[in-house]
Amino acid sequence: MAVRGEAAQDLAKPGLGGASPARVARGNHRHRGESSPSPRGSGCCWRALALQPLRRSPQLSSALCAGSLSVLLALLVRLVGGEVGGELEKSQEAAAEEEEEEGARGGVFPGPRGGAPGGGAQLSPWLQPAALLFSLLCAFFWMGLCLLRAGVRLPLAVALLAACCAGEALVQLSLGVGDGRLLSLPAAGVLLSCLGGATWLVLRLRLGVLMVAWTSVLRTVALVSLERFKVAWRPYLAYLAAVLGLLLARYAEQILPQCSGPAPPRERFGSQLSARTKEEIPGWKRRRRSSSVVAGEMSGCSGKSHRRTSLPCIPREQLMGHSEWDHKRGPRGSQSGTSITVDIAVMGEAHGLITDLLADPSLPPNVCTSLRAVSNLLSTQLTFQAIHKPRVNPTVTFSENYTCSDSEEGLEKDKQAISKRLRRSLPPGLLRRVSSTWTTTTSATGLPTLEPAPVRRDRSASIKPHEAPSPSAVNPDSWNAPGLTTLTKSRSFTSSYAVSAANHVKAKKQNRPGGLAKISPVPSPSSSPPQGSPASSPVSNSASQQFPESPEVTIKRGPGSHRALTYTQSAPDLSPQIPPPSVICSSCGRPYSQGNPADGPSERSGPAMLKPNRTDDTSQVTSDYETNNNSDSSDILQNEEEAECQREPQRKASACGTYTSQTMIFLDKPILAPEPLVMDNLDSIMDQLNTWNFPIFDLMENIGRKCGRILSQVSYRLFEDMGLFEAFKIPVREFMNYFHALEIGYRDIPYHNRIHATDVLHAVWYLTTQPIPGLPSVIGDHGSASDSDSDSGFTHGHMGYVFSKMYHVPDDKYGCLSGNIPALELMALYVAAAMHDYDHPGRTNAFLVATSAPQAVLYNDRSVLENHHAAAAWNLFMSRPEYNFLVNLDHVEFKHFRFLVIEAILATDLKKHFDFVAKFNAKVNDDVGIDWTNENDRLLVCQMCIKLADINGPAKCKELHLRWTEGIASEFYEQGDEEASLGLPISPFMDRSAPQLANLQESFISHIVGPLCHSYDSAGLMPGKWVDDSDDSGDTDDPEEEEEEAETPHEDEACESSIAPRKKSFKRRRIYCQITQHLLQNHMMWKKVIEEEQCLSGTENQSLDQVPLQHPSEQIQAIKEEEEEKGKPRAEETLAPQPDL
């Protein structure tokens, strides 16, 4: 039975014999019948075993059949030749004699014996051979038509006939047979050769036997019947009739379907006709076909060239749906040839393999991003749904994207699950907050609020919230914002703002539209001190005039004060085309008529100013740094400010010029830095740049409130101190032009103004240039790396290092970040700090999302302000050649620089604060730690640095901290007033009638600043200095630092008691950090204020139920004074245990 099963399987295999499925079925049925016992079972068994070789080999069976048929035909021809040979010779001799006699009588054509007398019977001898040849032609015609319909190719049949002719001639020449014999022996040889060739050429046995047998029979008939021709020519006449018959059959095959309708289904034989006819045949298409079948069909096509596919192609029918595809292809759809389908099982298996790979937490982020993209594509195709893909705009180029898209995508979207080791290394309080349900209300406070939107599985489900109730979940009424919409994690901005990076070196006008929409908040009301603060509140005695600018500074402009302003198209406009917009006034941001220069802008009404945007004005355009309702913006007062700072006459009032109708209108006179470029009366204050508590408000008073030059002046001093002008050959005028235009773009709002940008820039510079105890440096000599070649100016490849001229190292146990971060990355960090809040409207991301601001719609509610800051600042840089201070960077360096700046700006979004902190902690707690040779590690350090600099207010001294606190409180109250006017719920801590300033700052320090400083210091990156126990911190310059040292004697005693057994062999050294000391001091101050407020209100017993605060005795997760044994590396520090938040 096993042998019989193998025989059945062999018969089912496709081969040259091409056994049909019906034949295999009959064979299987016969085998199943033989399995039953019978009286003659032994004989049947032996016969089956004898026929096994024939059944297994289709080639052998076909050859046996062809050979048997050829032998029978040869014997038949030999028998006919032997019996009729003598009589035929006699009849031929008699016929020849009669023909000679008739010829002698004058006859032209011989006639048969017994012919009719007269001339009419002279043509009768040729009727018989003509009729015979016509019969042969018809026979071969029907045979050819049958073969063509069955799928046999025409060249194959013609080649068989050619082989027959060649075999015929070969036999005649080799045997030397004369013309008087019937060629019985050559006939047998020719038949054998023809049958063998046919067996080898023909694809299927049934068709091969039919063709060979039919050809042999017709050849034999022609050999016997054509008596009027020579014996040697008779086979060739038969072959000629065969060729003509096949050609007629091919012609009939072409014209028959057009006349009689669609033919039955058949396989293709290599012509365009077959492909065209096949499209018209109704039938079921196979959905799954192997690649070999597809390749066989494509290789057989000779009329149309197909591309060679290395991967399976998805047919358009599957992508668009059969009905839609039939509609789109129209009348020419039948000419598309054979459609190629995809094996869904293979795609499903590939999708499963990729899913298994994504489960591995050790994969790099860029690899995970690529695998996830492929998985999404496969899962989309596996659903078999109609997909409508929009066409890509051919005018958009994707060749200029930065080169770090993969790593950038991985850095932006932390979708990998946190490993067990990382979860063990993180404190429970941080794990409780690392969740998508936490967000922040502003980049200044970062207070956590509950997100009402559903959790996105693909973005934040990898980190589960802790089981402990969150502070916001304890008392939801305290937040007072049930309907506040918050944001989700954002993608990288750079993919939505594709700009050719090569244009940065072209000193010409760049005619390209910007992709920026406009934020139009209401004008800020006058600053007012917080109401309801107790008498002991640290901000109760502060004046509200500390933050610029007061409403009195705003000057009403006349009709002649309008200036034409650069505007860009905010978003792709789907509305019908309208006439070109009129010139935009920079004072009010609205178009005005050019016909009457004396007419001023339209008057603003109160209700119109409360609208966040205007959707009815489709022709309205904006600048990069100006909005609709920015009457208090700094660029409005540009003329007056320049007149006061530069002591130049005020610009004459003139009507706005006339411009041609173009897509873009550029300023004829851009905002340029006034003379002198560097103010010389600021040296006394600029000498204090190397102190953490830099008197930035005193600097603002010396420069002048209205000038707005504080950012450009400080930027120039810091770049000059670092040697970046020489390292990168930065032109000073272009540098000052851009930074002056950048600071003009900052609005005069209480907190997010140009003073805040300058403070963040100074903090970043301080954190990267000041000595850090125990930090190893990549290079040994810090001075040698900053030397630049006089020819090249800078080592291209951005791996050179620069150091501050104020960097004085007392010994080799100090280091600084600038010694580990290349100069190009360091300069990108400084530029990002100057750009990071450009054109900030004074409103939070949640407010823009809740009011459906154009920027929120443009950036899909994700990092709205951060994306706008980066886009607007870069658009300003690329708008004028006068701003291009990076002209000496090559193409690769510029793209990398732009990538680093954008990444640093997007990192300031506190919606992703906990993700950054968790990732940084995992890197620090790793065995390897921070690898300064790895660009991704350096980028992460720079992102943490700018994040700490952005929220450094609580880490400053008390005086500066209170100034910044008043500014953010005023900005919050302005947003609360606008929310109340718009009928929106007032956001937490923004209700002017119920101030909670102390709670705001205490929660901000506890949840945001404290853990961030702790993580930054645990990596050994916080500036400080070694302090011996015997020094008693007497060398500190700040008297507050001495007071702070005296306030914590118990901590020192605890540390000394814990290390008492080791004092005999080691000398202990402490690390003093001024930043952390200020943070601890301010945190304790706000907790005391909360206690005093509770005592005044008589709610001490209910404080824990109303406000989620810590006990005053608890310490925040910040840095205390650390100690280290002399001679040990900093990695071996023994820190006091800190409580988890």
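Keep in mind that glycine also has a Cβ here, set from the backbone N, Cα and C atoms.
Since this is a predicted model, take the numbers as computed values, not measurements.
According to Swiss-Prot, the feature region 'Disordered' maps to 1-42 (among others).
Annotation source Swiss-Prot lists region 'Disordered' at 90-111 (among others).
Summarising the annotation, Swiss-Prot assigns region 'Disordered' to 433-483 (among others).
Annotation comment: Swiss-Prot describes 505-654 (among others) as region 'Disordered'.
Taken from Swiss-Prot, the feature AMP binding site covers H752, D837, D950, Q1001, and the record attributes it to similarity to another entry. In the three-state DSSP reading, Q1001 (AMP binding site) counts as helix.
The Mn(2+) binding site annotation in Swiss-Prot covers H756, H836, D837, D950. Look at D837 (AMP binding site): DSSP puts it in coil.
Swiss-Prot lists D837 with the feature Mg(2+) binding site, giving similarity to another entry as the kind of evidence.
Positions annotated as region 'Disordered' by Swiss-Prot: 1024-1060 (among others).
What Swiss-Prot records for 1029-1046 is compositional bias 'Acidic residues'.
Residues annotated as phosphothreonine in Swiss-Prot: T1036.
Summarising the annotation, Swiss-Prot assigns region 'Disordered' to 1120-1141 (among others).
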Margin query: Around the C-beta of Q1001 (AMP binding site), how many further C-beta atoms are within 10 angstroms, looking at every protein chain?
Written below: 31
Next item on the list: Provide, as an integer number of angstrom, the distance between the C-alpha atoms of Q1001 (AMP binding site) and H836 (Mn(2+) binding site).
Entry: 22
Check: When DSSP states are folded down to helix, strand and coil, where does D950 (AMP binding site) land?
Finding: helix
Check: About how far apart, in whole Å, are the alpha carbons (Cα) of H752 (AMP binding site) and H836 (Mn(2+) binding site)?
Finding: 10
Check: Counting Cβ atoms within 10 Å across all protein chains shown, which of the binding-site residues D837, D950 comes out on top?
Finding: D837
Next item on the list: Could you measure between H756 (Mn(2+) binding site) and D837 (AMP binding site) for me? Cα positions, answer in whole angstrom.
Entry: 8
Next item on the list: Give me the non-local Cβ neighbours of H836 (Mn(2+) binding site): same chain, 6+ apart in sequence, Cβ-Cβ under 8 Å, ordered along the sequence.
Entry: A757, V760, E866, H869, A904, I905, T908, I946, D950
Item checked: Coarse DSSP state, helix versus strand versus coil, of H756 (Mn(2+) binding site) -> helix
Margin query: Please give me the CB contact count at 10 A for H752 (AMP binding site), counting all chains in the structure.
Written below: 26
